[in-house]
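> Here it is, the structure in full.
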Amino acid sequence: MLLLNGSVFMPSVLTLIGIPGLQSVQCWIGIPFCVMYVIAVIGNSLILGIIRYERSLHKPMYIFLAMLGATDIALSTCILPKMLGIFWFHLPEISFAACLLQMWLIHSFQAIESGILLAMALDRYVAICDPLRHTTIFSQQLLTHIGIGVTLRAAILIGPSIMLIKCRLKLYQTTVISHSYCEHMAVVKLAIEDVRINKIYGLFVAFSILGFDIIFITLSYIQIFLTVFQLPQKEARFKAFNTCIAHICVFLQFYLLAFFSFFTHRFGSHIPPYVHILLSNLYLLVPPFLNPIVYGVKTKQIRDHVLKMFFSKEHLDH
């Protein structure tokens, strides 16, 4: 690491300060974050286990749910251990290479989650609007291709944003990141050089992934609602709509938090920094925490297997 006129050339270590303005209470903020993380890991692992061992749940809807659960565990694990290290053990340093890796993993898993939500919407669309062809369309081969496709899309689109930082940005005004994890814009803003290309590419990735997915999810649900409301029986309408409720809840909380965090970070200059950082943290922690709860409550098959598992254990204990 070389110092040039107060700037830093190619820093080897960066410092994450946590939540700017709330450092004195970070140890307390870490407690609900840790609870959310533990519930997220246990809840998603439970859903993964049930889907893995219950053959009747080896259907597209539940396989996508398993993909979502695995992504949620990975996403929250990318940020929370390091974040708690900052909050509780005063370990703010992170190597530059580890910071870029964390950034790539976080943004990749966000993109994968968005892709899985799109796949789930298309699955519901075919199941309700063209039920006779659902099994034919959503074959095991297609599910594998979707899994590989959303993962490759994320890795390939996020990769250049990391390379643009590594190859273009050499001089940094500071090595202190005003954030609790390595977020793309938080790192880019440290550089002295022209960062317009980095910002433009970041926006391109956000809109080409989140924008694309939201448009197609919305179109799928418009078509689903039109089909559902044309069904003659009230019971059939309710049953069809009920299969979509959990996904709608998950979809809304993921994208509303995403856009709220995204726009406050870029255009909310008058909003205190700790609000930005708290929103960014919640955006990554709330969906993994809420998803298994939403699906556990709203999906009868998952709920029944969870109850059977716990109550059969109690019965055996007695």
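Backbone N, Cα and C define each Cβ position, glycine as well.
In case it's useful when we look at the structure, here is the feature table from TrEMBL:
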- 43-295: domain 'G-protein coupled receptors family 1 profile' (DOMAIN)
- 28-51: transmembrane segment (TRANSMEM)
- 63-89: transmembrane segment (TRANSMEM)
- 101-122: transmembrane segment (TRANSMEM)
- 142-165: transmembrane segment (TRANSMEM)
- 200-228: transmembrane segment (TRANSMEM)
- 240-262: transmembrane segment (TRANSMEM)
- 274-295: transmembrane segment (TRANSMEM)
> Same-chain Cβ contacts of the transmembrane segment (274-295) under 8 Å, 6 or more residues past its ends?
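Counting only partners 6 or more residues beyond its ends, the transmembrane segment (274-295) has Cβ contacts under 8 Å with 18-22, 33, 36-37, 39-40, 43-44, 46-47, 65, 68-69, 72-73, 75-76, 79-80, 83, 106, 110, 113, 178-181, 183, 246, 249-250, 253-254, 257-258, 260-261, 264-265, 268, 302.
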> Short question: which residues 6 or more past the ends of the transmembrane segment (200-228) have a Cβ under 8 Å from it?
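For the transmembrane segment (200-228), the list is 107, 111, 114-115, 117-118, 121-122, 124-125, 128-129, 153-154, 157-158, 160-161, 164, 184-185, 188, 237, 240-241, 244, 248, 251, 255, 258-259, 262.
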> Are there residues at least six beyond either end of the transmembrane segment (240-262) with Cβ under 8 Å to its Cβ atoms? List them, or say none.
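That would be 61, 68, 110, 113-114, 117, 120-121, 124, 127-128, 206, 210, 214, 217, 221, 224, 227-228, 231, 276, 279-280, 282-283, 286-287, 290-291, 294-295, 297-299.
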> Would you kindly list the residues that approach the transmembrane segment (28-51) from elsewhere in its chain, counting only those six or more residues past its ends and only Cβ-Cβ distances under 8 Å?
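Residues packing against the transmembrane segment (28-51) from afar: 19, 22, 57-58, 62-63, 65-66, 69-70, 72-73, 76-77, 80, 83-84, 87-88, 281, 285-286, 288-289, 291-293, 295-296, 302, 305-306, 309.
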